[in-house]
Amino acid sequence: MSNAPLPQQFQQQMQQQLGDDYPAFLTALQQPAPVSIRINPKKAVLKTENLEPVLWCAEGFYLPERPVFTLDPLFQAGAFYVQEASSMLIAEALRQTARLQRPLRVLDLCAAPGGKSTLLASLLAADGLLVCNEVIRSRIPVLKENMEKWGLPNVVISNHDPEDFKSLNGFFDIVLVDAPCSGEGLFRKDPEAMLEWSPDSVVFCATRQQRILTAAAPLLCDDGLLLYSTCTYNDSENSQNAEWLSEHGFENQRLELPASWGIQEQTFNKVTGYQCYPHRVKGEGFFLSIFKKKQRSSPEMGVPRTFRSLKPVRNWQVKTLQSFLKNPDDYSFYVKPNEEVFAIPESLVADFRLLDSALHNKGFGLEMGIFKGDDFIPSHALALSTAIADTLPGIELTREESIRFFKKENLVLNDPVKGWLLARYNGLNLGWLKGVGNRVNNYLPKEWRIRMDIKEY
Ligand SMILES: C[S@@+](CC[C@H](N)C(=O)[O-])C[C@H]1O[C@@H](n2cnc3c(N)ncnc32)[C@H](O)[C@@H]1O
């Protein structure tokens, strides 16, 4: 928490909202923000027995202190995501309200940097589809990097305004609107949010949220779920938007949460939302309200017969591509005009064709790499993917060697190696090496290189 005083009007608002709890809230804001992570169940190598669990998310854990995550090879390999604990409530909300065993189509409409997208990806069945959308183009690389680390192939990343999704009305089973907000719940963790706060910014955010919800609402199929969340406390951005949804074709859903979790159920005009306050839960401020779309008839959508610009790869290339995958028959392979090759899960080809015709700026499925003549250069995303074959040659690195790998240094190995080799740490792939004579070239993409100055390994 910074030493700057809380804005006067914010203090009044919170005094009114919290009453006798207000002093405890102020005290909590002076405490250090707890540090929590969420484990990637597909890369579960981290020992968690001695870590305090996050009560509402089976994969969530608190750390006793904040390590330098950048220098942890397991973090770089996508073994966990650093996520504020309150926002993991989405896991429990979906566990109670969604039929997660079914192959659901899910849209995370405001997705960057990808915290909740990684959570949604882990909750989905293997044949489910996750579209992670972010409107601000400069935030796409971080979203892409986080999703690549997480390593699931059933993901589409798109860069669109919510209003651009119109032709996908009725397509999704779940839409998460984790809305851009005034960030009152982040004042402890991110003092910048406090400096940007003003009553006018609250009004601005509430209006923008309503525009996003207006675009999101038609995208759901009958009985589809809309999750609306913010990391703020005020009524204009939370309960009033929740009420608006309940007046526009959505039925509010209640959760059963044990009182011992400290999450506050708030009901306004018969609409219920769930608020995390830092003096009641070990986490930051977070609001969540869940809605089911009332029955309407969803439009039938025709699936285009081909992709707009993706072409199937050549026959001779298929064998090479298949040799890199655990379950090769589950995928079909396509090439983009820029020669990049992609694997798309067979079960999702029709959905991907539909998305291809509906959205212009997007990336699909698993990026495999690129053919250069007869050679195939595998991509970094493939190294990190959970779909990669376990039988490919690799070399287990020490922690220091792993960090040197992420500094993009060339490694010196005891034995000469030839060809593509996976750099591994604790059995998890970190990226590609290629042995050429006595040298081992490091194929970490430039943009992934750790730029931090490291005095001691
Ligand atoms: C609260 S953040 C999302 C955090 C993300 N869901 C996560 O868990 O990591 C809100 C996101 O909405 C995006 N955004 C800003 N304006 C928007 C708009 N008009 N429509 C949709 N998204 C917007 C922001 O760029 C930001 O990435």
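Every residue gets a Cβ built from N, Cα and C, even glycine.
Pulled from TrEMBL, these are the features on record:
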DOMAIN    1-294  domain 'SAM-dependent MTase RsmB/NOP-type'
BINDING   CYS110, ALA111, ALA112, PRO113, GLY114, GLY115, LYS116, GLU134, ASP161, ASP178  S-adenosyl-L-methionine binding site
ACT_SITE  CYS231  active site, nucleophile
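Counting Cβ atoms from all protein chains shown, ASP161 (S-adenosyl-L-methionine binding site) has 12 others lying within 10 Å of its own Cβ. In this structure, the CA atom of CYS110 (S-adenosyl-L-methionine binding site) is 13 Å away from the CA atom of CYS231 (active site, nucleophile).
Around the Cβ of LYS116 (S-adenosyl-L-methionine binding site), a 10 Å sphere holds 22 further Cβ atoms from the protein chains shown. Among the binding-site residues ALA112, GLY114, LYS116, ASP161, no residue is found with its Cα located within 10 Å of the Cα of CYS231 (active site, nucleophile).
Mean pLDDT for the domain 'SAM-dependent MTase RsmB/NOP-type' (1-294) in this predicted model: 96. Spanning the residues CYS110, ALA111, ALA112, PRO113, GLY114, GLY115, LYS116, GLU134, ASP161, ASP178 that the record associates with binding S-adenosyl-L-methionine, the maximal Cα-Cα distance equals 19 Å. Within its own chain, GLY114 (S-adenosyl-L-methionine binding site) has TYR81, CYS132, VAL142, LEU143, ASN146, MET147, TRP150 as residues 6 or more apart in sequence whose C-beta sits under 8 angstroms from its own. Secondary structure at LYS116 (S-adenosyl-L-methionine binding site), as computed by DSSP, is helix. Shown are the recorded positions CYS110, ALA112, CYS231; the one with the most C-beta atoms within 10 angstroms of its own C-beta is CYS231.
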